[in-house]
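A.B. asks: Have a look at this one before I ask anything.
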Amino acid sequence: MSLYIDIPEDKEQLPSLKTGQGKLAWMASVDHKQLGIMYLWLALVFFVIGGLEAMMIRAQLALPNNDLISPELYNQIFTMHGTTMIFLVLMPASIGLGTYLIPLMIGANEMAFPRLNAFSFWMTCLGGMLLYFSFFAGGAPDAGWFNYAPLSENNYSSTQGVDYFLVGLILTGIGSIGAALNFITTVLTLRSPDIKLNMLPLFVWMIFVNAFLMLAAFPLLNAGLFMMLIDRQFDAHFFLASTGGSAILWQHFFWAFGHPEVYIIALPAFGIISEVIPVFSRKPIYGYKFVAASSIAIALLSYSVWAHHMFTVGLSNTVNAFFAISSMLIGIPTGLKIINWIGTMHKGSIRLTTPMLWAMAFLICFTFGGLTGISFAIVPITWQLTDTYYLVAHFHYVFLGGSLFGLFAGIYYWFPKMSGRMLCSKLGKWHFWLFVLGFNLTFFLQHVLGVLGMPRRIFTYPDLPYWKVLNMLATLGAVMMFVGMAIFFWNIYKTLKKPRTVGENPWDAWTLEWATPSPPELKNFDEIPRVHSRRPLWDINNPDNPDKKLN
Amino acid sequence: MKNKGKLIMLIFIFSETFFFIALIIAYVYYRNFSDTTDTVAKSLDAVRAGIFTLFLIASSGTLILSKKALQKKNYKIFKLFMGLTIVLGSVFTFGQITEYIGLYQKQITLSQDIFGSSFFTLTGFHGLHVILGLIALAILFFLSFGKMKTVTIAGIDGVDVYWHFVDVVWLFVFYFVYITPLL
């Protein structure tokens, strides 16, 4: 009789679409590759919904004194647009790429906890569905994506929308924490014995650092969400100033989560860029150690900048000065990373493929978004420009120009690995140019609109000088992005109907995922290639000229 | 680290720590930085809560002993101390439930005012964690009786770390909620 044995979990065959039969296998699967793809589909579905909401906003704002959408609906739409894009598009897309690629890149056959992996996905998925169920339950949440009290409290809401917001985000938050736990344990316990931590591909490293950020940020959000839920459901008083509570405390909780969240969304994109740029410049990354270490600096600093979202609250000058300085500090490691990526491209033999185009657009647009971000660290500029379209333009440059462009680069780059088919490069370039030009048309002009004084979140506006033409052009840009996205979907649809033709390593890349067939078998590796440097496949293909040995 | 069960539980409690920090901050913030006076503190019985705290601390000790017995393959002692851990944890939960009933009889409720809200939320979330830990302990305990006489290393190490964490969190809650008003 043995009471104390180590049961090896991964010897048995785990459920997956390739082992099970029928549609239920989709729900039972714990295969990391399939879950990664399901995360990406989830993100894509919600991207369509969130994108349509954005189009509704732009249609309403195209003309002054427009009454296409009622003010009540407009509030719901912009709230749902922001919440969807952040929690149900950028998060699951980043987590999905991580789930798919981390075991492949470190020479593992599964995540450390495959069932937890499935649990995380379904939590995120159910959270999203619950959030959208609010439309059928009387009305969607309408207090903005940061859901400030007291506007989000009972006395100011006519529907249950905010309750659905709270419960939905608690669920997606639990899902994200589960994914983060899995990423860290996988990287620490399942690496191929050859791979030391300083040899991790930068994408893996960024997701690894990011996982710690998620673990520390989401509990703060969830605590705040629970308090507000208790406020709304059980008549507690946490954020109700009229009965002794503090609305400011909600802002602290939300932004103590919310600013790290910006980096949680940006770091995976940094990781993608750090894989794509070296491969298509045919050079190893410039300053690997610096890129890796500066991510840790970003992660730590991101916890000391949250109150720059609250400069207008009336905290003391000392507090404002502290957060202004730390917000400028965090620009340094981020800005230097840009130099690293440009340094990688310098004198490289650059191949202008679709992923590389997205990576270069990322460099330009993200830098611009970062600069307007620095301008917001200056307290008087925030006082002047907060809650105007200048702010809207700034964070769209960060979220789209930064995270989304990075994710597009990643999707074009790894699509052949995931599906065995290459996305059409001609359509890809149409998608790229329409989207990037449309993006800059819409959001560059919104900086000007903001300086002219147009506030965000107003459902219509009077016909003031320049407002009409700038808004019309912004809507035109949104239409260009919409067409670009339609081409992207057409491209995916058309490509998926073709037979599988791609070999193991179509881009001539260097990391371990490209040593598996495209798409990989259910068991990733029968034998893992020996790894001696950060570019194992380079060493194998160029035995005369290998990289410096690191182990 | 090879033991992934212990590792994931360690990083999980790292995450949980932030959750409880947020709840404790709320309580401390309302007590020290708002104009209202703490209405709950004067109705709390710190001595009574202190006695129940001792039960929770003792349960951490018995869990250590039971784990040591398991490593020495001394299954009887393992079962004895594991059972004792569950009893001690249950006594603590019983103490918390009776305290809640007493407070509600004195009209101190969740919706009464800001201190009612934060007291019941903070101690309630901790209580939920205790109950969850008790369920996990009970599963390990009953597994050692049934046909499946196997306890995975991951299982016992994970539950072990979790239970000590719940214990330590309570010490902070006890200090901030029961002790600081007396200082």
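From the backbone N, Cα and C atoms, a Cβ is placed for every residue, glycine too.
Okay, so TrEMBL annotates it like this:
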type	residues	note
DOMAIN	A:20-532	domain 'Cytochrome oxidase subunit I profile'
TRANSMEM	A:37-57	transmembrane segment
TRANSMEM	A:77-104	transmembrane segment
TRANSMEM	A:116-137	transmembrane segment
TRANSMEM	A:164-190	transmembrane segment
TRANSMEM	A:202-230	transmembrane segment
TRANSMEM	A:262-280	transmembrane segment
TRANSMEM	A:287-306	transmembrane segment
TRANSMEM	A:318-336	transmembrane segment
TRANSMEM	A:357-383	transmembrane segment
TRANSMEM	A:395-415	transmembrane segment
TRANSMEM	A:427-449	transmembrane segment
TRANSMEM	A:469-490	transmembrane segment
A.B. asks: Across the whole of the domain 'Cytochrome oxidase subunit I profile' (A:20-532), what does the mean pLDDT come to? Round it, please.
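C.D. replies: It averages 94.
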A.B. asks: Let me check one thing: do the transmembrane segment (A:202-230) and the transmembrane segment (A:287-306) come into contact, meaning three or more Cβ pairs under 8 Å with sequence separation of at least 6?
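C.D. replies: The transmembrane segment (A:287-306) and the transmembrane segment (A:202-230): touching, yes.
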A.B. asks: Tell me if the transmembrane segment (A:116-137) touches the transmembrane segment (A:262-280). I count contact as 3 or more CB pairs below 8 A, with pairs 6 or more residues apart.
C.D. replies: no
A.B. asks: So, do the transmembrane segment (A:357-383) and the transmembrane segment (A:116-137) meet, by the test of 3 or more Cβ pairs under 8 Å (sequence gap 6 or more)?
C.D. replies: no
A.B. asks: Based on Cβ pairs under 8 Å, which of the stretches A:116-137, A:395-415, A:469-490 lies most in contact with the transmembrane segment (A:427-449)?
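C.D. replies: The stretch with the most close Cβ contacts to the transmembrane segment (A:427-449) is A:469-490.
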